[in-house]
Amino acid sequence: MKTVKNFNKVFLPCALLSCAVIVFGIVGIFARGINFGIDFVPGFIEEVEITSASEKAADTEAAADAPAVFTGTVNVDEVRSAFSNKSISVKALDSNGKTTYQIRAKSNGNEEADQKLKEEVSASLNAKFGAENVQVVREDYVGSSFSSSLAFKSVMLAFVTLLLIWGYATIRFHWDFALGAIVALVHDFLIMFAFISWSQVEFSTTTLAAVLTIFGYSINATVVILDRIRENIKYGQLKVFSDIINKSVSDTVARSIITTVTTLFASISLLVFTTGSIHDFAAVLTVGLISGCYSSMFISSGFIAFIRRNWKAEYQNHVHQPKPKRALAEISVE
């Protein structure tokens, strides 16, 4: 028989801790802002292929005779170091065994500013690697109207996701269960944005994908606990809702922790061994996984316990009562 822990006594401290972190995150948003990627702000994207002088020269001494030209191995860190402008980001792309580099630069949407940025990027690359070693594969511009439209669609996507999850939880469980699940999701959303604001991780479509992934992970972890609460209400012998919560969370806590830890192995591996947008994705995902596990066990169930704190009579009516056995004398023999 599993030991039942008293989770109720930590609901209030956990709620206060979450509120403090969320307020800290809101302060960060106003103080430092969100580091939006080129997907959400105007600018241009340029994809280049770079070959170092040492790779092109058959004779290494010939390559060494050109000190002004980069002679080392080209990688994403070397390309990134060519730019002093912090608004310029670099990502390595691998296609058909050939590595190219995607360079993104933010601007205010003005054509003159875009042209100036383009010239700055070209000058920096040529100075670092040599003009003959830099080949532009593709370039594209992101206008202010497109970036604004993408930002609006992203907000609507998150809102519709929350709405669908609320509808699903309401149909499967009860309105207050659904509300508890949404509170947990909003909690995770705000915790991730607190991390994004203070760490200045670039918020791009890749980062948005991490946020939506956590929505799915968190609601799945929450539904497991809600389903156990429903079963304990219907079939259990406990008549006080706080006791039902304690038993339900105790029954599922091992599953929640093991699932989170095994998923963290993958996200932390990406965090350690990757760079660029994948690194940002892994960072947000790691924070979201921890927050999702925490909110499913403490925030959503604690919120539901608070909502139903005075509904003991209703719970007792929902408790499954076994049918009484008929007396032997009442059984008629045909």
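Glycine residues also receive a Cβ, built from the backbone N, Cα and C atoms like all the rest.
Because the structure is a prediction, the values reported are computed rather than measured.
Features as listed in TrEMBL:
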| type | residues | note |
| --- | --- | --- |
| DOMAIN | 126-308 | domain 'Protein export membrane protein SecD/SecF C-terminal' |
| TRANSMEM | 12-34 | transmembrane segment |
| TRANSMEM | 150-170 | transmembrane segment |
| TRANSMEM | 177-196 | transmembrane segment |
| TRANSMEM | 208-226 | transmembrane segment |
| TRANSMEM | 257-275 | transmembrane segment |
| TRANSMEM | 281-307 | transmembrane segment |
So which of 12-34, 177-196, 281-307 is most in touch with the transmembrane segment (208-226), counting Cβ pairs under 8 Å?
281-307
Report, as numbers and ranges, every residue of the chain located at least six residues beyond the transmembrane segment (12-34) whose Cβ falls under 8 Å of a Cβ in that stretch; write 'none' if there are none.
187, 190-191, 193-198, 200, 203, 294-295, 298-299, 302
